[in-house]
Ligand SMILES: C[C@@](CO)(OP(=O)(O)O)[C@H](O)COP(=O)(O)OP(=O)(O)OC[C@H]1O[C@@H](n2ccc(N)nc2=O)[C@H](O)[C@@H]1O
Ligand SMILES: Nc1ncnc2c1ncn2[C@@H]1O[C@H](COP(=O)(O)OP(=O)(O)O)[C@@H](O)[C@H]1O
């Protein structure tokens with residue numbers, strides 16, 4: 001069985017408070033974008049694979065496409081499998097993951113893979129998990145992971161895990177997204193932030209026409225990430241120069257997206273051969 005985990009972008013991201021547990025309270029709008037990995041599971045009926053420590057391992061992970069740092073055991077799709085295996089004693093599986101979504105991009109690729117793995121296992125093995133229960137499992141795997149269970153435009157607050165649906169459609173807008181060859185660590189990006197209350201209400205701003213977002217919709221990570229990596233800020237400037245109606249960094253970076261008017265041709269631009277570039281229509 002195969003599924004296609006998609007990426008997200010953040011529309012506005014206000015980091016409002018540092019919490020006693022070290023995490024930060026924030027508010028943001030998550031919006032799905034059609035950049036997709038491919039994730040497949042095959043049930044291995046009688047095959048349990050010996051692991052390095054001599055114990056039986058019930059999964060094997062085959063990866064292709066873009067590289068992911070870390071061991072197989074650290075991969076969020078494996079963590080998602082092991083989480084449900086603990087409760088449901090699942091059959092052994094072969095996992096095939098083809099990465100198109102760049103990592104360290106603020107696109108939530110790892111979180112999406114994990115959430116889609118939970119949904120895939122739920123369906124394949126008829127586990128009967130409700131959306132709420134799937135969100136609960138997902139939240140334990142990453143702050144933004146639960147968003148990908150419903151995968152609809154969402155206002156998020158708390159540590160990015162308390163959701164309310166919003167009415168927002170960017171369908172027919174076009175997106176040009178650039179991820180330079182720069183890895184921004186989410187943890188480090190948070191450590192450089194001075195939390196503060198936003199000047200404009202995010203919920204009110206997002207209800208305005210996209211053409212009014214430029215002056216009001218802010219990603220607080222830009223203030224700390226752009227001085228450290230000026231090349232990322234330059235991409236945002238270039239997207240505006242090329243006619244974007246709204247441009248911003250997504251999450252903690254390093255990808256930057258521009259939204260362009262429906263029906264207009266997307267500009268040609270050279271962001272260097274090391275950059276990942278996606279052009280498409282919003283969903
Ligand atoms: C802040 C966002 C906005 O979209 O950044 P991006 O990952 O998209 O860039 C996400 O919510 C991130 O979610 P996610 O990437 O799942 O974060 P986690 O793995 O849970 O946390 C990574 C690290 O970031 C810090 N962290 C994360 C979330 C939060 N609200 N406060 C924090 O301080 C913590 O130091 C944590 O150890
Ligand atoms: N399936 C996965 N895909 C991508 N990254 C993963 C995955 N599983 C674990 N990771 C780890 O998560 C880190 C963050 O990746 P990702 O969630 O894609 O980026 P971001 O948090 O910037 O949106 C990566 O550096 C990688 O080590």
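Every residue gets a Cβ built from N, Cα and C, even glycine.
Nobody curates TrEMBL annotations by hand; they come from automatic prediction.
As recorded in TrEMBL:
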ACT_SITE  8  active site
DOMAIN    75-149  domain 'GHMP kinase N-terminal'
BINDING   102, 103, 104, 105, 106, 107, 108, 109, 110, 111, 112  ATP binding site
ACT_SITE  144  active site
DOMAIN    219-262  domain 'GHMP kinase C-terminal'
Near residue 102 (ATP binding site), which residues of its chain come within a Cβ-Cβ distance under 8 Å, counting only those 6 or more away in sequence?
66, 109, 179, 255, 276
Taken over the domain 'GHMP kinase N-terminal' (75-149), the model's mean pLDDT:
97
Around the ATP site formed by 102, 103, 104, 105, 106, 107, 108, 109, 110, 111, 112, which additional residues qualify by having Cβ within 8 Å of the site's Cβ center?
7, 101, 251
Near ligand 1, which of the recorded positions 8, 106, 112, 144 are found, taking a Cβ distance under 6 A to any of its atoms?
106, 144
Residue 108 (ATP binding site) to residue 8 (active site): how many Å between their Cα atoms?
6
8, 102, 112, 144: which of these recorded positions put a Cβ within less than 6 Å of any ligand 2 atom?
none
Fewest other Cβ atoms within 10 Å: which of the binding-site residues 104, 108, 110 wins that one? Let me know.
104
Taking the Cβ of residue 112 (ATP binding site) as the centre, how many other Cβ atoms fall within a 10 Å radius?
29
With DSSP assignments reduced to helix, strand and coil, which class does residue 108 (ATP binding site) get?
coil
How far is it from residue 110 (ATP binding site) to residue 144 (active site), counting Cα to Cα, in Å?
10
